[in-house]
Structures are given as structure tokens and as C-alpha cells.
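> The disulfide bond feature in TrEMBL is assigned to CYS141-CYS156. If you look up TrEMBL, you'll see 12-35, 55-79, 86-109, 170-196 marked as transmembrane segment.
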Amino acid sequence: MGKVEGGMKCVKYLLFVFNFIFWLMGSLVLAVGLWLRLDPKTVSLLDGGPETFFIGVYIIIAAGGLVMLVGFFGCYGAVRESQCLLGLFFTCLLVIFGAEVAAGVFGFFNKDQITGEIKEFYDKTANNATVNSYHVNLNCCDSTSLCQNVGSNQTCHEAIEEFFNSKLFIVSYVGIGIAGVMIIGMIFSMVLCCAIRNSREVL
């Protein structure tokens, strides 16, 4: 079996280092996704409400888990100089790239719809515990007679928009940011895969 030499060895080790960092990034993305999904404040505000917000979060969680798995394949494929594993790595990166971009675009372009649904849920809910949860967690109030202990003049509609927009920007930035990093990984894997194929054809 032919081994890559010269400059391609550098690409091989760069790809290995990249994939180790990539694996760490996958862990971070997964952690961010789980935090967004399990954050007690967010869960309490959306209990029984619209699930639209969590769609982007679910994509982030799935992509983070896949990134960790794919990072392992990439490391092993680079060390073994396996065209099969590098090809699988490239294909998986392409799929995850699409998912991450989708999550980022979804969060960015649907933030108004999502916050609108949450405002509507807040306006229509007849559950005093849910209303109180918004008052306490967002430090907001729409009626001084209902929430005298809230030390803020901010309306709950303003607080909802501010809170969930900040979360959606996290989804967008994480999704689009890691998608950009994936492009580098795909380029490295293609270059190394071509080098391995050429070295074997020479032999």
C-alpha cells in the first residue's frame, strides 16, 4: 500500500489535528444544544407552549453528536490513509454542513415567527402558574396588580423578544460558524484522498 510523502504528509497530520479539534467542537456544539434544550428557564417558559423554538435546537444536538462521531472517523482515516474512511468523512461532513446551515438559517429567518408564537401563547394562557413563570423568569410585568414583586417596568412582550432572540442568535451563530469550519475539513480530506489515490496509482 502506497504512503503519501512530502507535503502530503503535512496535509495528513494537519487533517488529524483538525479532526481532533473538530471532535472537541462537536462536544461543545452538543453541550450548547443540550443547554438550550434543558435550560430550566427556557423549559418553564415553553411548558405546554409552541415547540418551534426547539426545532433548531434539535438540529444542533443531532449535528453535535454526529460531528463527534465523524471527527473520530476523520482522525482514524487520516492515520490509516484510508480512502474509504476519508470518503465517508467527506460525505458526513457534507450532510452535517447542510444540517448546520439549515439550523442557522432557520433560527435567523424564523426568529420573528418563533417569538410571535411565544407571545401569543403567553397572551392566551389561562394558567396563572405559567403567567407567573414568565413574570419571575423574565422579570417582566404587564399589570402591576398581578406582579407587584417584579422590579422591572419592562413588558413581557419586550422581555420575551429579548430573551428568545438571544437564544436564537446562539443557534444561528453556532450553526453557521461550525459549517464554515467544516469547509476546511472537506478541503483537507479531498486533497489527502486524491494524494492517496495518486500514490497508489504510481505504484
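Glycine is no exception: its Cβ is also placed from the backbone N, Cα and C atoms.
Describe the structural context of these features.
Here the transmembrane segment (55-79) has Cβ contacts under 8 Å with residues 12-13, 15-16, 18-20, 22-34, 36-37, 85-86, 88-89, 92-93, 95-96, 99-100, 102-103, 106-107, 110, 168, 171, 174-175, 178, 185, 189, 192 of the same chain, all six or more residues outside its ends.
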> Which residues, sitting 6 or more apart from CYS156 (disulfide bond) on the same chain, put a CB under 8 Å from its CB?
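When sequence neighbours closer than 6 are ignored, CYS156 (disulfide bond) has TYR122, TYR134, HIS135, LEU138, CYS140, CYS141, ASP142 within Cβ distance under 8 Å.
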